[in-house]
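Note sheet for the following structure.
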Amino acid sequence: MAIPTAFSGAKLESLSSSAAAASPASIGLFCNPGRVRRLSIQKGLFNSGIRCEVAASDVVDQSQSSGNVNSSSSLSALEQLKSSAADRYTKERSSIVVIGLSIHTTPVEVREKLAIPEAEWPRAIGELCNLNHIEEAAVLSTCNRMEIYVVALSQHRGVKEVTEWMSKTSGVPVTEICKHRFLLYNNDATQHIFEVSAGLDSLVLGEGQILAQVKQVVKVGQGVTGFGRNISGLFKHAITVGKRVRTETNIAAGAVSVSSAAVELALMKLPESCHTTARMLVIGAGKMGKLVIKHLVAKGCTKMVVVNRSEDRVSAIRDEMKDVEIIYKPLNEMLKCAAEADVIFTSTASETPLFMKEHVVDRPPVGASVGSLRLFIDISVPRNVGACVNELEDARVYNVDDLKEVVAANKEDRLRKAMEAQAIISEESKQFEAWRDSLETVPTIKKLRAYAERIRVAELEKCMSKMGDDISKKTKKAVDDLSRGIVNKLLHGPMQHLRCDGSDSRTLSETLENMHALNRMFSLETDISVLEQKIRAKVEQTQK
């Protein structure tokens, strides 16, 4: 749930001279003002950022993409690495990319089609990491956002592949996704997830539910191939940032949740005289439903009906709120209960609507004392109540996008709190980027060890051949141990100077200088060879 935040603007890709010679279809258009399809400007509370959005080549003809995209990209990926597009691979390291659709950019009717249930996150991660240019992935899908985080070998190709995957799995055309999506890279992606976790990107500033949802991404991702070091590190750091912002600022003071905003919206639409007497129905007793019940009680409601699949959760809520009359009804009595209610809150995980026009049209009208309108407050994504219900004269439907009306007030206070939190987020972003920079030395460490081991083994074999066949196993082991000891002692100094935890910028800078020096001295060519190996592995995996 999110207030518009300060996106510092996605890093804009530029065309290298070698890439410019390739065909437009293979390169794509980036931020050439005369050719880019559109720029999305999102105005935040405390600044505004411009995002370079979909390029003309991102809009894939659907009939063409269905049969040719996967096979052609699989066959050409390695060739592109070594020919016209080689410059783009070798000049950029793997990038963290966010392809997102949120309440700020995308209407609920599109978001609900793209939503991925939590149980499907591991499958989605696996499918995303099977794409040619995606190494790692994570999915954050809530009522107000559907964001995919990936580590991409190539920013442009990675975004293109993920967008096509989103279209294929949701049925939403690529053009429609590109119309609403936002793209963030590296530092901007890091800052965004930190803002999300801290509640700065929530419709209700500082609300706590989003932090729990970020934690769930890590919990679900544990042990899933593809939820790798960079992405898991990013989300774990985001949890730390979310906790720190809430501890060190007063951003959560007076903050309300989606559920409480839903209750506030209902009370805004009801005559004040009936706030405590209107007949309330809550459908769904999960986390959101329970919060709705709590906030109704806080507003003076002492009686309500709760429809749920089973009675266990309702009984637990009833035990917790002993002074409130909570009546349980099973799902098969839902329509009957709705006919007897003035306000219906829906918060279930159903992927199909519970209420359509035909379910409501013949129900007894509500009284004039409650405004003669039956209110449906739907805080589910996908939606539980069809928009067609609004066509009835005696019914009104409000969904999560309508909650903006509740939080429109106190904008200045939210601005002040957000500014306090931004200082913490900026500090934590630098720490995370330093940690990620420190990971660059890992391939060099591995290659240097492998280089030294090849020399050791070769020289050991020469030595053994000169010593003859009659040497004892004990002598062989002693010579082998000697060679290993010499190599380890020689490597100890260089290895120490390649290790850094990323917490000290001076040490990190020196470590990266040492890495580049060792790459030159020993001709390790780490960046090119590692990227080539990754692309080759992707191609081989696709062709199996």
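Positions of Cβ are set from backbone N, Cα and C atoms, glycine also.
Residues or ranges marked as domain 'Glutamyl-tRNA reductase N-terminal' by TrEMBL: 99-249.
The feature domain 'Quinate/shikimate 5-dehydrogenase/glutamyl-tRNA reductase' is assigned by TrEMBL to 265-406. If you average pLDDT over the domain 'Quinate/shikimate 5-dehydrogenase/glutamyl-tRNA reductase' (265-406) in this model, you get 91.
Among the features that TrEMBL reports, domain 'Tetrapyrrole biosynthesis glutamyl-tRNA reductase dimerisation' is placed at 420-524.
According to DSSP, the secondary structure content of the domain 'Quinate/shikimate 5-dehydrogenase/glutamyl-tRNA reductase' (265-406) in residues is 56 helix, 29 strand, 57 coil.
Per DSSP, the secondary structure of the domain 'Tetrapyrrole biosynthesis glutamyl-tRNA reductase dimerisation' (420-524) breaks down as 88 helix, 0 strand, 17 coil.
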